[in-house]
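Peer 1: As annotated by TrEMBL, region 'Disordered' applies to 1-57. Per TrEMBL, compositional bias 'Pro residues' is recorded for 37-48. For 59-204, the entry in TrEMBL reads domain 'Heparan-alpha-glucosaminide N-acetyltransferase catalytic'. Under the heading transmembrane segment, TrEMBL lists 60-77, 97-118, 130-149, 169-192, 204-225, 319-340, 352-373, 379-401, 421-441, 465-485.
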Amino acid sequence: MDATVVAIAGDGDDSDRRRPLLAPTEEIHPYADSPSPQHPPLEAPAPPQAEQQRKPAQRLASLDVFRGFTVAMMILVDDAGGAWPGINHAPWFGVTVADFVMPAFLFIIGVSAALVFKKMPNKTGATKKAVVRVLKLFILGVILQGGYIHGRHDLTYGVDLDRIRWLGVLQRIAVGYFLAVMSEIWLVKNILVDSPVSFVKKYFMEWIMAIMITALYVALVYGLYVPNWEFKVQTSNSTLSFPGNSIEMKMIECGVRGSLGPPCNAVGLVDRVLLGENHLYKNPVYKRTKECSINSPDYGPLPPNAPDWCLAPFDPEGLLSTLMAAVTCFAGLHFGHVLIHCKNHSQRMLLWLLASTVLAISAFLVLLLGMPFSKPLYTVSYMLLTGGVSGFLLLLLYYIVDVIHIKKPFILFQWMGMNALIVYVLAACELFPTLIQGFYWRSPENNLVDVTESLLQAIFHSERWGTLVFVLLEIVFWCLAAGFLHMKGVYIKL
């Protein structure tokens, strides 16, 4: 979500200067014209003649491509996941393509934070600016995902403050960004990195912080006692004489510790106690499990004798899972630090490959120890797996785009990555299609968005394939829109 700039050596075109979306605007200069003694150059020092010419630095294009690809995947799985359940989120345990998207956001934010905050003449000023950006991001998330905007197919807006949803994707990004940036500002030692030992000393406290967050998560997930709990369900008791709804209380029997299932886990307990049932997500992913849907892994009617917890709220971006999700940002910080201090492509790629492999192997070791992959809980095994896969993806894109300079096939993703925030807000949060649907002919169904999707479904004689083509065209549209903004030098930031 934050556009990051870093100087690299090698052939290629210079790109326009701009600030990162979530970076301080005065103390931090991502386009550094010359390295400082405390921060060695990313490549071999340029000859004196080149330094005298003061050539503008180049962008690290693979970061924009990574960011743009992540936004495109979010649009794909959100808008086409209903028609193609195979690319939708796993109902509870396990992972699908969709489950790698959110961690990729957090991972690239960590990489970006390492690059942006590598020089801080004024730590207090950098902290204030970072906090302001975190608040902006959090408030924007509440507006977009708190229930105020009702989404496609609903031309109304407004939310009861007693039922507003406080947490969401942007709020999770804000928390992860905050913890990563505060660690980068206040925990990194101001020492020269000239050996592996000095590298470890410089960033050792950040690693300790990540380990402490993970230990706290594990302690709470397995140590908290989850008692029996109840929740409200609105039921219809309409009759011809007395139409209306009533509230029924459902009791969930738990009385356990260490459960990772949908009804009795500590992640849900923390949210119910600290946030309140009314402020949680009302359509959780476990409604697509076999216990809760006859169309599993898609949503559907409840099967006979479905457990009561199928109707209970649960927030997939809850407090405890968001705390664990922030560790993904710390993984990204490490990759950013390698990018800063290693002097050639081979060193960077080797260390990235090593780190990604360690994360992936550790994920399966934790899985064998009994903690399954689960995005709703953001388990440690899930964090390690998705962090490792994000590292492998960055390594691949870095090699293709910035080492062997094959950029043209990825130009659309690069454009989208340069304006990831506005594309996410307008497309992934469905703000733009909701606005377009507000203009219709005689009936709300006769709007440009729905008519176009229905036309493609008719052309392909398939609802699934028509929806997929519609979403792919939507992605191309936003890539081109982002490209237009780039050509105009417009970059939306917080």
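Just so you know, glycine gets a Cβ as well, placed from its N, Cα and C.
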Peer 1: Which of 130-149, 169-192, 352-373, 421-441, 465-485 shares the most C-beta pairs under 8 angstroms with the transmembrane segment (60-77)?
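Peer 2: By the under-8 Å Cβ criterion, the transmembrane segment (60-77) pairs most with 465-485.
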Peer 1: Does the transmembrane segment (379-401) come close to the transmembrane segment (97-118), meaning at least 3 CB pairs under 8 Å for residues 6 or more apart?
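Peer 2: Yes; at least 3 Cβ pairs under 8 Å.
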Peer 1: Spell out yes or no: are there three or more C-beta pairs under 8 angstroms between the transmembrane segment (379-401) and the transmembrane segment (204-225), with each pair 6 or more apart in sequence?
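Peer 2: Result for the transmembrane segment (379-401) with the transmembrane segment (204-225) is yes.
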Peer 1: Count the Cβ pairs between the transmembrane segment (319-340) and the transmembrane segment (169-192) that lie under 8 angstroms and are 6 or more residues apart in sequence, then report whether there are at least 3.
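Peer 2: Yes, since the transmembrane segment (319-340) and the transmembrane segment (169-192) share at least 3 Cβ pairs closer than 8 Å, they count as touching.
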Peer 1: Report yes or no: does the transmembrane segment (130-149) come within contact of the transmembrane segment (352-373), defined as 3 or more CB pairs under 8 Å with a sequence separation of 6 or more?
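Peer 2: Taking Cβ pairs at least 6 residues apart, the transmembrane segment (352-373) and the transmembrane segment (130-149) are not in contact, as fewer than 3 fall under 8 Å.
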Peer 1: In terms of Cβ proximity under 8 Å, which residues at least six beyond the ends of the transmembrane segment (352-373) contact it?
Peer 2: 90, 93-95, 99, 260, 331, 334-335, 338, 379-385, 387-389, 391-392, 394-395, 398
Peer 1: Per DSSP, what is the residue tally for the domain 'Heparan-alpha-glucosaminide N-acetyltransferase catalytic' (59-204) in helix, strand and coil?
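Peer 2: Helix/strand/coil tally for the domain 'Heparan-alpha-glucosaminide N-acetyltransferase catalytic' (59-204): 93 helix, 2 strand, 51 coil.
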Peer 1: Cβ under 8 Å to the transmembrane segment (169-192), counting only same-chain residues 6 or more beyond its ends: which ones?
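Peer 2: Contacts with the transmembrane segment (169-192): 1-2, 22, 37-38, 40, 102, 105-106, 109-110, 113-114, 117, 120, 123, 126-127, 130-131, 133-135, 137-138, 140-142, 144-145, 198, 201-206, 209, 213, 317, 322-323, 325-326, 328-330, 332-333.
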